[in-house]
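Here's the structure we're looking at; comments come further down.
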Amino acid sequence: MRKIDVFDTTLRDGEQSAGINLNTAEKLEIARQLERFNADVIEAGFPASSQGDFEAVKKIAQTVKGSIVTGLARSVKSDIDTSWEALKYGEQPHIHIFLATSPIHMTHKLKKTPDQVVDIAVESVKYAKKNFPLVQWSAEDAFRSDPDFLVRVVREVIKAGATTINLPDTVGYATPSEYGAMFRHLKENVPGIDRVKLSAHCHNDLGMAVANTIAAIENGADQVEGTINGLGERAGNAALEELAVALHIRKDKFTFGTDVKLDEIKRTSQLVSQLTGMAIQANKAVVGKNAFAHESGIHQDGMLKERTTYEIITPELIGENSTQIVLGKHSGRHAFKDKAIALGFELSDEKITEAFKAFKALADKKKEISEDDLYVLLTDQQIQEEEVPVYELKSVQVQYGNGSIPTASVSVISPEGDLLQEASTGSGSVEAICNTLERLVQGKVHLLDYRVTSIGKGRDALGEAVVNMTYNGKSTTGRDVAQDVLEASAKAYLNAINRQLVNERKRSYAKTV
Ligand code: KIV
Ligand code: ZN
């Protein structure tokens, strides 16, 4: 069985998706989970793109030791230097440099000739090699590049010291046979190609990212790149959970596989969805809510007689057992802490105490606490950022009756520590809350998207709200959970505002140092 390395780019290509903005604590939490999922390489961000990305990549490189941590860089010395400052803490410092090689990109975006592109690529790889033992070089838009030019540039960057060559289908244009053929062409024509790792990176614009990636492996790729839940630019990247499960389930056919911990898939997928606020489509392969649901009578009958009639993947394979009831109102701190540890959380005593308080408050309202509830609660505690003054919800009250105008009264503590109160109406309860909050936060808010979902099952399930908005012209996303969806909505709204405030403060701090 040939081992295929898994390169996860949820925190870089995935984070580039419209509407996602993760803070450092959230990125670190996802990186830790990716380590448990057993990704071979984690692309933690693009250090030179912003102060926030730099900090997150550095923190992840300092913390994660079970996976190689990398960061993206353009082919310029300043990007490579900045990346080194963030990535030098890794066990095996790894950088990912890219440069476009297709005629379209070279002419219109880079405004460079092919000769110039080869020179820049070689120079940047040589420069990176001065510090980094591992240098991945990507030919952006490789699939739409001239195959012979690709052979030439790849040959030169290997000579310059690249250790991995990545050939992306940047715009998701390839079909499986075409994408596979590109790998075969390079394998057959580039001297020394067997000394480096070959990597596949597919986008999903035509829905073929996973199939294309498998075709690349069949034609010599040693590494696959993708994201959890298929997040990514436009239609996203290849979904890693689908790839890993496909290779496992069809091991009768494939002579290769990954070392992904399949039973960490469900949790990884849920965490990414929870923190990014990107819902998973119900019928999504492997991790969708309906992926194991059998609706028609004939299917249910078949399942009862013999599961394999209609089930090729078991929920247990991907670690789907989180709806079990695990704790209740009378559970003590000890049992709570043990469960937190069993779920993989490493929380300080102080954070356990805070989480336990939140658990008790929830257990007072909700009789039975499931693993899903606990996971959300503990994650929320884990991702608390360092204390910075932001808006805090004190109370929310809504008056609603059919035939009357919904009115919300809300009080918050401002970042300056003042108690602010307002009331306002709206055409519905949520709009009344949003209108009131907009007055309180003193800025122009334009709501772009709003969603409420339940966590777990049952009438008393927690409600999660996700709000996507622009605040003073900048886009931001917020999320929060509560047992009441109106409270969750108010908290998610403030969470979006607070993220923006924290980002602004970080930016102005970065300018002063
Ligand atoms: O899709 C792409 O080409 C990329 C590169 C930066 C590797 O994400
Ligand atoms: Zn990409």
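Cβ atoms here come from the backbone N, Cα and C positions, even for glycine.
What TrEMBL says about this one:
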BINDING   Asp13, His201, His203, Asn237  Mn(2+) binding site
DOMAIN    4-266  domain 'Pyruvate carboxyltransferase'
REGION    392-513  region 'Regulatory domain'
Site of maximum Cβ density within 10 Å, from binding-site residues Asp13, His201, His203, Asn237: Asn237
Three-state composition of the region 'Regulatory domain' (392-513), taking helix and strand from DSSP: 41 helix, 52 strand, 29 coil
For the region 'Regulatory domain' (392-513), mean pLDDT (0 to 100): 90
Cβ-centroid neighbours of Mn(2+) site Asp13, His201, His203, Asn237, 8 Å, sequence order: Thr9, Pro168, Thr170, Cys202, Asn204, Ala209, Glu225, Gly226, Thr227, Gly232, Glu233, Gly236, Ala238
